[in-house]
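Here is what TrEMBL records for this protein:
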COMPBIAS  1-11  compositional bias 'Basic residues'
COMPBIAS  12-23  compositional bias 'Pro residues'
TRANSMEM  55-73  transmembrane segment
TRANSMEM  85-105  transmembrane segment
TRANSMEM  117-139  transmembrane segment
TRANSMEM  145-170  transmembrane segment
TRANSMEM  182-205  transmembrane segment
TRANSMEM  211-230  transmembrane segment
DOMAIN    272-475  domain 'Major facilitator superfamily (MFS) profile'
TRANSMEM  276-301  transmembrane segment
TRANSMEM  307-327  transmembrane segment
TRANSMEM  339-359  transmembrane segment
TRANSMEM  365-388  transmembrane segment
TRANSMEM  409-427  transmembrane segment
TRANSMEM  433-452  transmembrane segment
Amino acid sequence: MFPRHLPRPPARRPPPPPPPAPPATDTADVRDWRGRRYTVGPSARELTGLPRSALLLRALTAAAAVGVLQFGYGAAAPALIAAHGWTPAQALAPFLVWALVQGSFAPVPRLLGARGLLGPGPAVCLGAALCAAAVYAVGHLSDPLAAVAGYGLLGGAGAGLVYHSCADLVGGWFPDRHTVRLGAVGGAFALGSVPLLPALVLGPFPASPAAASTALALGVLVLGAAGGIGQRAAPEHWWPPGRDPRAAALRRSADPPAARDFSAGQAWASGRSLPALHAIVALSGTVGLFTLAALPLLLLATGRDPTVVAAVVTAFALASGLGRLAASGAAERAGRRRTLTVLLAATALGQVGLAAAVPSGPLPLLVALGLAVGAGTGSCYPLTRAITEGHFGAGRPTDLAGLVHGSKAVGGLLGVGGAIALLSLAPEGAHPPLLAASALLPASAAVLAARLRRPLPIRTLPHGVWTAGHRSAPM
């Protein structure tokens with residue numbers, strides 16, 4: 001008690017409430033039984049404001065928008081010859097440069113992202129703008145060299161930025177269904193051109209190439225930008241919350257993930273797997289791009305009706321897209337190597353049949369063979385990318401999967417260059433035998449795919465010197 005002559009002290013004010021705590025994010029760093037690191041959470045909605053399904057849909061939209069530059073050019077080549085007065089060699093030269101540049105750009109998006117120069121969203125938007133400029137150029141420019149610069153250089157760089165940025169985005173946000181989602185990107189790339197192919201062959205493009213290319217360029221720009229604006233890459237080692245990566249690592253699987261991330265030097269020294277993957281992509285890309293470039297002109301040269309050409313090239317693109325989706329799903333059950341081997345062998349058989357059917361075969365047979373060749377050549381890209389990441393890891397700094405996919409540039413040079421040589425130099429009677437001889441390429445790729453084996457871990461010697469063993473474990 002206080003004395004009465006002293007004033008009573010003021011009552012103590014209650015302490016101010018503590019500041020509100022920041023929203024908690026359920027994030028956990030875990031490692032599986034092989035030491036692989038995973039960062040579980042936060043969810044994609046917390047990080048980007050959108051669910052994973054919306055991120056996937058936007059990436060597929062952008063990939064579909066630019067796929068017409070690959071799958072539509074061969075169908076449009078006869079119209080370009082008629083509109084600009086080009087020879088077959090002049091008409092296919094922009095496509096040759098496009099394939100060379102697009103394949104070479106495979107590692108560029110991840111390299112730019114690792115250095116902080118260009119994120120995946122801006123890369124997709126920039127690539128879509130370049131693709132739109134390329135489509136506009138090929139319809140408005142009658143000079144072959146200007147078309148090569150506009151379509152080949154700009155379009156190849158743009159398509160490479162869009163496709164590989166979308167593949168990296170989807171692979172980062174879907175580590176739990178990696179093979180299937182990569183197949184979805186490739187499938188969208190091919191399927192986006194399917195509604196346009198009949199119009200390119202049968203529509204008003206020869207009469208008004210400028211107006212048609214302007215409308216198509218506008219569509220590519222709008223859809224590509226819609227798929228790229230605001231896109232963000234997943235954090236490194238990210239794993240979706242609610243799913244235990246350790247349980248996924250223990251699950252019996254035909255293709256377990258890589259035990260560690262290899263550097264480029266370690267991967268090259270670890271055995272025959274990486275060189276074989278480069279060769280498989282180059283061989284399969286050669287026959288696929290050769291068929292895309294040469295088949296429409298070969299069919300028209302034999303007197304086929306344009307409706308037959310439209311049906312066959314549409315079947316090729318449709319099978320290329322659906323084949324990537326189906327093969328990626330089948331690979332999760334049967335194994336990527338086995339699935340790739342079977343599809344490449346079927347491609348070789350289909351190419352022989354296609355060569356025999358081009359002069360006078362019935363339309364249903366041509367469509368069926370186009371489906372077989374399209375499915376085999378198309379599914380090679382997502383499967384080899386998934387095999388590369390399964391063997392050597394998906395580490396961000398070293399994009400080995402992008403380097404392997406870059407062998408498509410060799411396929412473009414040999415495939416489209418071979419089509420130009422076939423149409424310009426070979427007599428008409430030699431076309432079917434030479435088309436049949438191209439079946440040796442997917443057959444060789446099938447042999448290489450059957451011999452793929454997962455490399456053993458690197459052995460470390462004293463003083464930090466590393467080397468690879470001479471033996472390799474089964475895949």
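Using N, Cα and C of the backbone, Cβ positions are placed for all residues, glycine too.
What TrEMBL says about a protein is an automatic prediction, not a curated fact.
Note that the structure is a prediction, hence the values are computed from the model and not measured.
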Long-range neighbours of the transmembrane segment (182-205), counting only residues six or more past its ends (CB under 8 A): 56, 59-61, 63-68, 70-72, 75-76, 78-79, 83, 163, 166-167, 170-171, 212, 216, 296, 306-307, 309-310, 313-314, 317-318, 320-325, 327-329, 374, 378-379, 381-383, 385-386
Segment proximity, the transmembrane segment (307-327) to the transmembrane segment (276-301), 3 or more C-beta pairs under 8 Å: yes
Outside the transmembrane segment (55-73), six or more residues from its ends: residues with CB under 8 Å to it: 44, 48, 94-95, 98-99, 102, 124, 127-128, 131, 134-135, 151, 155, 158-159, 162-163, 166, 169-170, 173-174, 181, 184-186, 188-194, 196-197, 200, 216, 219-220, 223-224, 226-228, 231, 292-293, 313, 316-317, 320
Intrachain residues whose Cβ lies under 8 Å of the transmembrane segment (85-105), provided they are six or more past its termini: 69-70, 73-74, 77, 134, 138, 142, 144, 147-148, 150-153, 155-157, 159-161, 163-164, 285, 289, 293, 297, 405-413, 415-417, 419-420, 423-424
